[in-house]
Amino acid sequence: MAFEDVDYTSLSVPAAPFSNPAIVPEFPKGRVPRHVGVIMDGNGRWAKQRGLVRTEGHKAAEPVVFDTIAGAIEAGVRYLSLYTFSTENWKRSPQEVRFLMGFSRDIIHRRVAQMDEWGVRVRWSGRRPRLWRSVIDELEKAMERTKDNTTIDVVFCINYGGRAEIADAAAAIARDVRDGRISGDRVTERMIAEHLYNPDIPDADLVIRTSGEQRTSNFLPWEAAYAELDFVPELFPDYGRAVLWRSIDHYIHRDRRFGGVVQNIVRHS
Ligand code: IPE
Ligand code: IPE
Ligand code: MG
């Protein structure tokens with residue numbers, strides 16, 4: 001049976017945002033990170049620990065993705081970037097790559113109504129070449145359907161690589177210079193930021209990586225240049241809104257200096 005033919009619809013559906021307000025922590029106003037990135041790692045190890053094939057770990061991650069989105073909405077996060085498939089993940093076996101492509105396409109298709117209901121605006125960050133046409137089609141349909149939603153922007157980073165994004169921005173600037181729209185000696189940080197995949201999205205404030213690995217693996221190198229980092233031990237299938245809230249709480253207690261000095265920072269609590 002082809003991976004694409006597998007029926008995943010029996011997977012559990014996480015509780016919708018605010019269906020249990022009693023458990024939502026009250027974060028101090030104005031202190032919640034506006035843009036959170038999550039490197040969703042550890043699906044393969046989760047499966048291995050259970051004697052299962054790696055793809056079972058990816059399947060187990062699906063409800064967790066939506067629990068995380070619900071938790072981000074509850075916490076008041078405005079942008080959530082989810083690292084779903086990197087430009088380096090093509091190195092994996094053809095079977096796993098094929099599974100991940102088909103699964104991403106199916107998830108977007110199957111969950112778009114739920115995301116729409118939750119007020120999610122679906123976004124995509126990544127490179128077109130090589131990415132399956134059917135994945136792009138589902139992303140485009142979901143982006144069109146949800147474009148007026150304002151509760152949260154969820155950015156699926158699929159065929160995303162931070163270096164690729166910066167190289168693509170540089171290429172776009174080079175085209176502008178060639179065509180006389182800008183002068184080559186006036187390339188600024190702002191100009192690069194304006195040529196990223198989604199220039200309207202603010203820099204990441206907090207980047208979380210699951211599974212205990214302490215690296216960023218080419219995720220948002222430009223946007224997360226000053227982000228706080230939180231490396232959590234949970235494998236992604238064991239992740240969820242409660243662990244997200246713990247990271248937000250860590251974030252709230254950090255001093256962000258942006259190169260300034262600590263006395264200038266208004267400390268919380
Ligand atoms: C993250 O889990 C999912 C993707 C990168 C697509 P992994 O598949 O990397 O799981 P581990 O790191 O091998 O456990
Ligand atoms: C990063 O995880 C990519 C995604 C989560 C999509 P990887 O598992 O690919 O990263 P490395 O290989 O451990 O650095
Ligand atoms: Mg991994």
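Glycine too: its Cβ is placed from the backbone N, Cα and C atoms.
Database features, via TrEMBL:
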BINDING   Asp41, Glu228  Mg(2+) binding site
ACT_SITE  Asp41  active site
BINDING   42-46, Arg54, His58, 86-88, Trp90, Arg92, Arg209, 215-217  substrate binding site
ACT_SITE  Asn89  active site, proton acceptor
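In three-state terms derived from DSSP, Glu228 (Mg(2+) binding site) belongs to an extended strand segment. Put simply, of the binding-site residues Gly42, Gly44, Trp46, Thr87, Trp90, the one whose Cα is nearest the Cα of Glu228 (Mg(2+) binding site) is Gly42. Cβ neighbours within 10 Å of His58 (substrate binding site), excluding its own Cβ and spanning all shown chains: 22. In this structure the C-alpha atoms belonging to Gly44 (substrate binding site) and the residue listed as 'active site, proton acceptor' are separated by 13 Å.
Rounded to the nearest whole angstrom, the C-alpha distance between Thr216 (substrate binding site) and Asp41 (Mg(2+) binding site) is 11. Cβ-based neighbour count (10 Å, all protein chains) for Gly42 (substrate binding site) stands at 25. Ligand 1 lies under 6 Å from the Cβ of Asp41, Gly42, Gly44, out of the binding-site residues Asp41, Gly42, Gly44, Thr87, Arg209, Glu228. Taking Cβ-Cβ distances under 8 Å and a sequence gap of 6 or more within the same chain, the neighbours of Trp46 (substrate binding site) are Gly57, Ala60, Leu235, Phe236, Pro237, Asp238. For Arg209 (substrate binding site) paired with Asn89 (active site, proton acceptor), the C-alpha to C-alpha distance reads 16 Å. Reported as a whole number, the C-alpha separation between the residue listed as 'active site, proton acceptor' and Asp41 (Mg(2+) binding site) equals 12 Å. When secondary structure is read from DSSP and collapsed to three states, Trp90 (substrate binding site) falls in the helix class. Listed in sequence order, the residues of the same chain lying 6 or more apart from Asp41 (Mg(2+) binding site) and placing their CB within less than 8 Å of its CB are Arg209, Thr210, Ser211, Glu213, Ser217, Leu235, Phe236.
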